């Protein structure tokens, strides 16, 4: 009996020791997780320097959007447009900041060196509150499909932009009266060819030429804006409440580059330089906000209520320099289309390639790419007006993906005990989320209303 009792004591002591060791191991694991630095475990074949990453981020933000800023100011007025542009720019910057910061914290907690946008959303829900964990797969799919929809819809804007530029120049030079839709059909010929390029390295020469053309076009546009004295007196400080949704959605379309943020940050040799002060993000977005405000403000002062969906369309076609600017920017956007199309197709192909026999990958890629581009051209044919189209894309896709999703991701990750004093993080994200929903609903409503108005006369009959 005594032996049995001693045996039980030994077993009990062994269990106690095991529990103590397990506790110590768990504590050491927690400490290890807290000290885990994902940046030190990243393995990147050809990392980008801090300067190179800054250039990539600037390049992704300086496209067709900045050329639409004067028409955004037309919908807001000089004073409200200037203040609103700065505020929206700061909100967009903050939302990018919290997305990247949350991704870093998720990497640390899960001991994963690198996470993309969709993977960050998935892991946040996967390790978040128990009731939200079943939504992990949905959140990843939502971000992936939202990214695809965003890039495909932006590609539709590109097609309309290219066609409109050539329409104005060629019709003016030749005296033709061809509609924009004819030029959209003609534009689809090079689009269908460029869109078949599947290797990123082959798109580099096109991107380099596009950058050169954009810089030259900016220079010419600024020359026409400032070459004559500017008249400020006839421009309202505030436009009207009815056009504000278009202002918000156009500025969001112009500034949001949420799709390229995580790839740029993930490819940096020193990713710790992305956030912080000054940091890559703050430097890039500060530059973008200033440039967009300047082009929008002075472009609207120069062209007033005649401001169009791209400020280059306001340049006088009687001048050969203005004609050159319109042709160059059209070619720049055409050459950028391949890169714009590469991102969503890469996401889509990774989702479906395993379901297609390998010996049919080539023909499947050609057919899939051609089909999607034809659909994009069809959308452009249906809505050949640049201004409401930009507003619609900005309202529906960029506001939800660039503003709403980062707020949700941060809130879920910090829920419920890390939301700050008085849960100020939750309050802040609810406000920003409400703003993004307002921009989505109101912007989409006004844009669709304007698009419908293009097809109806004053009595409501189809033209």
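Placed from the backbone N, Cα and C atoms, the Cβ positions cover glycine too.
Record features, source TrEMBL:
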SIGNAL    1-28  signal peptide
DOMAIN    48-448  domain 'Amino acid transporter transmembrane'
TRANSMEM  78-100  transmembrane segment
TRANSMEM  142-166  transmembrane segment
TRANSMEM  178-195  transmembrane segment
TRANSMEM  202-226  transmembrane segment
TRANSMEM  238-262  transmembrane segment
TRANSMEM  274-301  transmembrane segment
TRANSMEM  321-345  transmembrane segment
TRANSMEM  366-383  transmembrane segment
TRANSMEM  389-414  transmembrane segment
TRANSMEM  426-448  transmembrane segment
Cβ contacts the transmembrane segment (426-448)/the transmembrane segment (321-345), at least three under 8 Å, sequence gap 6 or more: no
Positions whose Cβ lies under 8 angstroms from the transmembrane segment (202-226), at least six residues beyond its ends: 59, 62-63, 67, 194, 295, 298-299, 302, 311-312, 315-316, 321-322, 324-325, 328-329, 331-333, 335-336, 338-339, 342
Interface-richest range of 78-100, 142-166, 178-195, 238-262, 366-383 toward the transmembrane segment (321-345), CB pairs under 8 Å: 142-166
Close approaches to the transmembrane segment (142-166) from elsewhere in its chain (Cβ under 8 angstroms; 6 or more beyond its ends): 64, 117-118, 121, 180-181, 183-184, 186-188, 191, 259, 309-310, 312-313, 326-327, 329-330, 333-334, 336-337, 340-341, 343-344, 347-348, 351, 372, 376-377, 379-380, 383-386, 389-390, 393, 396-398, 400-401, 405
Range from 78-100, 238-262, 366-383, 389-414 with most C-beta pairs under 8 A to the transmembrane segment (178-195): 366-383
